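Below is one structure, written out as structure tokens, with a few remarks after it.
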Amino acid sequence: MSEIVRAPEGTIVIFVLGGPGSGKGTQCNKIVEDFGFVHLSAGDLLREEQRNPNSKDGDLIKSYIKDGQIVPMEITVKLLSKKMQESKSNIFLIDGFPRKLDQAEYFGKNVVEPCLILFLDCDKEVMKQRLLKRGETSGRIDDNIETIEKRFKVFKEESLPVVERYEKEEKVRKIPCNESVDEVYLKIRSIIEGLNK
Ligand SMILES: Nc1ncnc2c1ncn2[C@@H]1O[C@H](COP(=O)(O)OP(=O)(O)OP(=O)(O)O)[C@@H](O)[C@H]1O
Ligand SMILES: O=c1ccn([C@@H]2O[C@H](COP(=O)(O)O)[C@@H](O)[C@H]2O)c(=O)[nH]1
Ligand SMILES: [Mg+2]
């Protein structure tokens, strides 16, 4: 796997954060359609790496995901950095990362500081119902009630402090996400359209 490389000057990174099932992937897909940013889902990259029979990290990744725990950051940051290096774009939506304070520090120091955090704020019960429904067809090893509960705990204890960290830097836009996909997206679109105004 390639090494972690600092992003070139002018690279713009938006972190899309929120609890499991808050709609990060769904909303990122809509942003990509309208704005053409490059969407990197840390979870998707880890799942792809886990499926790669040549990866030395596959078994480790699988055990962390199945248990709803956070994979050691060197693995995730390498995957993100590789995709960024391969891309011709300089605007990235990074979904579901950073999940811990040390990951936020590490990425900022070694890759790039984000300019904006979109925080998708959704009620736990709403997220749980979405994930259970998704689990009927997703095939994800973590879309089951036992792992979902663990993911909620990890999100509250480890990942919410990341949002609080960026709130101190006034980089966070909080978006209520209990409503329909289109209602949520209208709010997100207006935030993105307002950038640089
Ligand atoms: N606003 C919404 N209203 C109803 N269903 C939604 C909404 N947003 C997303 N969903 C559905 O909820 C499920 C979870 O959405 P999505 O995969 O986008 O969430 P996520 O935040 O990326 O979750 P994860 O952290 O598990 O990757 C999907 O089945 C999606 O179709
Ligand atoms: O930065 C990351 C992102 C994800 N993980 C692990 O993957 C699963 C699923 O992530 P989603 O964002 O829900 O697709 C997550 O529960 C973690 O186990 C990670 O470790 N680090
Ligand atoms: Mg997702």
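Placed from the backbone N, Cα and C atoms, the Cβ positions cover glycine too.
TrEMBL labels come from automatic prediction, so no person has curated them.
TrEMBL lists ARG47, GLN69, ILE70, VAL71, GLY96, PHE97, PRO98, ARG99, GLN103, ARG140 as ribonucleoside 5'-phosphate-binding residues, and of the candidates ARG151, ARG173 the one it assigns to that same site is ARG151. For the ATP site that TrEMBL gives as GLY21, SER22, GLY23, LYS24, GLY25, THR26, GLU179, the extra residue drawn from ARG51, ARG134 is ARG134.
Considering other CB atoms within 10 Å as the measure, the emptiest surroundings among the binding-site residues SER22, THR26, GLN103 are those of THR26. Within its own chain, the region 'LID' (133-143) has Cβ neighbours under 8 Å at 21, 47, 62, 65-66, 68, 151, counting only residues six or more beyond its boundaries. Applying DSSP to the region 'LID' (133-143) sorts its residues as follows: 3 helix, 0 strand, 8 coil.
Packing around GLU179 (ATP binding site) is summarised by its Cβ count: 15 other Cβ atoms lie within 10 angstroms of its Cβ, all protein chains included. Checking the binding-site residues LYS24, GLY25, ILE70, ARG134, GLU179 against ligand 3, the ones whose Cβ sits under 6 Å from it are LYS24, GLY25. Rounded to the nearest whole angstrom, the C-alpha distance between LYS24 (ATP binding site) and ARG47 (ribonucleoside 5'-phosphate binding site) is 16.
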